[in-house]
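*Asks:* This is the structure I want to talk about, given as structure tokens.
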Amino acid sequence: MIGIVSYGSYVPKFRIRVEEIARVWGEDAKKIKDGLGVHEKSVPGMDEDAATIAVEAAREAIRRAGINPEEIGAVFVGSESHPYAVKPTATIVGEALGVGNDYFAADLEFACKAGTAGMQICYSMVKAGMIKYGLAIGADTSQARPGDALEYAAAAGGAAFIIGENPIAEVEATYSFTSDTPDFWRRDLQPYPSHGGRFTGLPAYFRHVISAAKGLMEKYGYKVEDFDYAVFHMPNAKFPVRAAKMLGFSMEHISQGLVVKAIGNTYSGSSLLGLAATLDVAEPDERILLVSFGSGAGSDAFAIRVTDAIENYPREPKVWEKIERKAYVDYAIYLKHRRKIKA
């Protein structure tokens, strides 16, 4: 039995409200909140980046698992905002965690689904007998052009998952759906991404998320009724709710993992933070459907069954408790923290 042995999460404490961003740009905050379903977003501190977020989440996962870091045989960090263009984040994380030198490391990029790609690779390496434990992380300090619609939701945060045998949650099955879809992109040397506006919806997000979820269920014989929870990538709060309804899930299935309302879209950390929040309350034999999405475009779907081992697993502090620990900043401080003001 292979799956999630442990998990950890990290959410920066700083927040900025939609009203504050809208005030600066002279826009209607209520209309934006109604349209996105997002009320505020997380903001990284000046000394925080994807690497520090990854380290914090991974440290929690290792502490909870009670394992020796040197037992980890692979480290994968998925992100759109790696600190270096040339120099892996994964080696920074491995060094900070004390993994040693005898491990495989790689950075992954696939927009917002790079973290789940890491989970699939770790799962495969454990299953093949190559490693005892694999560490898959999704972490981002996502960028948005000032004044762009993305600015209201592009946030920071991440989650880490240790994959191995004797898990607290078994990965029963996984399935991916991929295409070449130019819905969101950023060229080299460009500081901010471009996007296709409404094109990011039906042809991109919904096509891939729905196809991956249906593909998983059809290939492995699952039905909606087999799942107690569902977690979808959260670019905003509207898309995952609509995707859930399209597949036949209710709000009860997705509400626990719908963290986007309170912290925005953490990109590579989005669906993984939702999964972590769901594992915080899940009981033995409950099943979770996880579906990520990455622009460009692709989705990874997982059927995850919680095991009896979860009962003795230390889940405090929980994701929602971390979300509630916050301090608000105004737009000027936000720009300073995001280093958008150049001296």
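Glycine is treated like the rest: Cβ placed from N, Cα and C.
The annotation active site, proton donor/acceptor is assigned in Swiss-Prot to E80, H233. What Swiss-Prot records for C112 is active site, acyl-thioester intermediate, and it gives sequence analysis as the kind of evidence. Under the heading (3S)-3-hydroxy-3-methylglutaryl-CoA binding site, Swiss-Prot lists D28, A29, C112, T200, H233, R242, N265, S295, citing sequence analysis as support. Taken from Swiss-Prot, the feature CoA binding site applies to R198, K238, supported by sequence analysis.
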*Asks:* Out of A29, C112, which of the recorded positions is least crowded by other Cβ atoms within 10 Å?
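*Replies:* So among A29, C112, the recorded positions given, the one with the fewest Cβ atoms within 10 Å is A29.
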*Asks:* I'm trying to understand the geometry here, so how far is the Cα atom of D28 ((3S)-3-hydroxy-3-methylglutaryl-CoA binding site) from the Cα atom of K238 (CoA binding site), in Å to the nearest whole number?
*Replies:* 18
*Asks:* Using the alpha carbons only, what distance in Å do you get between H233 (active site, proton donor/acceptor) and R242 ((3S)-3-hydroxy-3-methylglutaryl-CoA binding site) once rounded?
*Replies:* 12
*Asks:* Could you give the Cα-Cα distance between R242 ((3S)-3-hydroxy-3-methylglutaryl-CoA binding site) and C112 (active site, acyl-thioester intermediate), in whole Å?
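*Replies:* Just about 19 Å between their Cα atoms.
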*Asks:* Which of D28, E80 (the recorded positions) has the most other Cβ atoms within 10 Å?
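*Replies:* Its Cβ has the most other Cβ atoms within 10 Å: E80.
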*Asks:* Between the Cα atoms of A29 ((3S)-3-hydroxy-3-methylglutaryl-CoA binding site) and E80 (active site, proton donor/acceptor), what distance do you get, rounded to the nearest Å?
*Replies:* 27
*Asks:* Compare the C-alpha of K238 (CoA binding site) with the C-alpha of each of the recorded positions E80, C112, N265, S295, and give the closest one.
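*Replies:* For K238 (CoA binding site), the spatially nearest of the recorded positions is N265.
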*Asks:* Measure the Cβ-based neighbour count of N265 ((3S)-3-hydroxy-3-methylglutaryl-CoA binding site), defined as the other Cβ atoms within 10 Å of its Cβ.
*Replies:* 29
*Asks:* If we count other C-beta atoms within 10 Å, could you say which of the recorded positions H233, K238 has the fewest?
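*Replies:* Relative to the other recorded positions in H233, K238, K238 has the fewest Cβ atoms within 10 Å.
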*Asks:* What does DSSP say about R242 ((3S)-3-hydroxy-3-methylglutaryl-CoA binding site): helix, strand or coil?
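*Replies:* Going by the DSSP assignment, R242 ((3S)-3-hydroxy-3-methylglutaryl-CoA binding site) falls within a helical segment, counted as helix.
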